[in-house]
Amino acid sequence: MGPSKSGGGRRFAWKKFAIGAVVLIGLVYFFGPRKEDLDDYVPSIMKPDARPAEDAIYPPAPGPTTKHTGQDYPATQIPHDNDVSTAPETRPTDPASDGDLTKTHYCTQPYKAGVPLVQFALMIDAGSTGSRIHIYKFNNCGPSPGYEYEVFKQRQPGLSSYRGDPEAAAKSLDELLQEALRVVPESLRHCTPIEVKATAGLRRLGTQEAADILAAVRRRLETAYPFSLAGEHAVEIMEGRDEGVYAWLTANYLLKTLSAEAKAEQRQPYAVLDLGGASTQIVFQPTLDMAKPDASLEEGEHKYELKYDGATRVLYQHSYLGYGLMTARQSVHRLVEFMNGLRGASHGKDAFVANPCLAKGTQRLVEIDDQRMGEKFNVTMMGQDVGDFESCNRVVELVMAKDAVCNVKPCSFNGVYQPSLLETFPHGKILLLSYFYDRLNPFLAAKANAPKQPVHISTYADLAKTVCEGPAAWTELWGADKDLMDELEGRPEWCLDLTFMHALLRLGYEFNADREVELGKQIDGTELGWCLGATIKMITGAELKCNV
């Protein structure tokens, strides 16, 4: 029997098995995403350190001091005698190009009495591997804060590394706060609000140890620095639900969909979907048909009332733990290894396992975490001639748990309540972040000289079909792009990644295949993350108090 015939037999066996695999949906309980996998969860938005280094496509986070430019903020017509009615031709991008930091290039006085012309604000992101300060400059030329630019500085290690020594943890932020003293003019420091938001690192320390560190940080800010702590929650461990909402606010603020001056067709905010290593998050503002009896959004953790610019927006948000890209990979590999065992094929420690989610002709050593047996072991996953988008998609569909029990309808996947996007967000724009961007952008960059084409949900499936075909197909389409070829050859799981992303968007969230999406990493040099959104909430959510 020749090789091609044998290969065809294997392909047929895989497809036949995959079609019948729905009877194994109960296996998802054992092999799908599990909470135990997520003890080290770090939401991915604005956290390059949360992703495994081997999967990083872009360079690591910037060095000790970098500056990001804000989006152009056109001056607003205001009822005061103002001699500046248009934005400057050359806008400042950092303190060096700004001249007098107590003034702004966009207007000569604030839009109303009682507010400062310039407002600086500080946000410290106390992450698991390091702490970062974001020093933002805003103006009050219009009714909403006008973002001008950001100064960014980071240091390692993070606060959680100072376990048992809260004072040392607090002093570790001095390097960042000295940068704030360097940037913020002395006359504005006492009215510059500051918040410290800790994430995954402190969550893992335990309640008392984390509380001791946060208390020490607060004391140091109150006694050693002139900045104003923004309320009783100024130093805290941030809830995961806030991260997604603040990232939504960042994106829609920079895209100006929240501005009262925006045209009517520009006022519907984007839905923001993030795909990190351990979770995927969705935040959107559903439009509910109040004529229907069940039109209201169900109460629960998913409901978020965001007060911004004098209005309250009711958002739906959810973080699907276990459905990030890295955890999805693990779940697929576990399921494939087990399914191979059911077929009597090679499985278990040091086995060679045929895997349809690896591109044809590729292989990868994978660690299997067998939680039933409480052991870990390595297997070699082989794409060989079985790598195939359709077969991989059937395995991914099992992991998605689309048929899980839905206690409160409607549900997206894994039994999670979510208003139907087809009904409550039928025409709204969609912004995809993090791995959604990282996996697709290299292919778009490869077509840099071609006319820009819109990206649809189906784009992920179209690319997955080609990527799963292996090196011969890659060479035909992208052989001239060495960087892209190196990526594909070095990461055989791109077939799995693209297939999972398509299933998540198409099957999980139920977007139509022809639904257009936009990809984002930055807007005019500003990272799409939670920090700017949290800062905007800080300076607009309540009356700011100066430190006397």
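Placement of Cβ uses the backbone N, Cα and C atoms for every residue, glycine included.
Listed features, source TrEMBL:
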TRANSMEM  12-32  transmembrane segment
REGION    52-102  region 'Disordered'
ACT_SITE  E243  active site, proton acceptor
BINDING   G277, A278, S279, T280, Q281  ATP binding site
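TrEMBL feature annotations superimposed on the structure.
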residue : record                       : CB count, 10 Å
E243    : active site, proton acceptor : 28
G277    : ATP binding site             : 22
A278    : ATP binding site             : 26
S279    : ATP binding site             : 27
T280    : ATP binding site             : 28
Q281    : ATP binding site             : 28
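Rounded to a whole value, the Cα-Cα separation of G277 (ATP binding site) and the residue listed as 'active site, proton acceptor' is 15 Å.
The residue listed as 'active site, proton acceptor' has Q281 as its nearest neighbour among the binding-site residues A278, S279, T280, Q281, going by CA to CA distance. Look at E243 (active site, proton acceptor): DSSP puts it in a helix.
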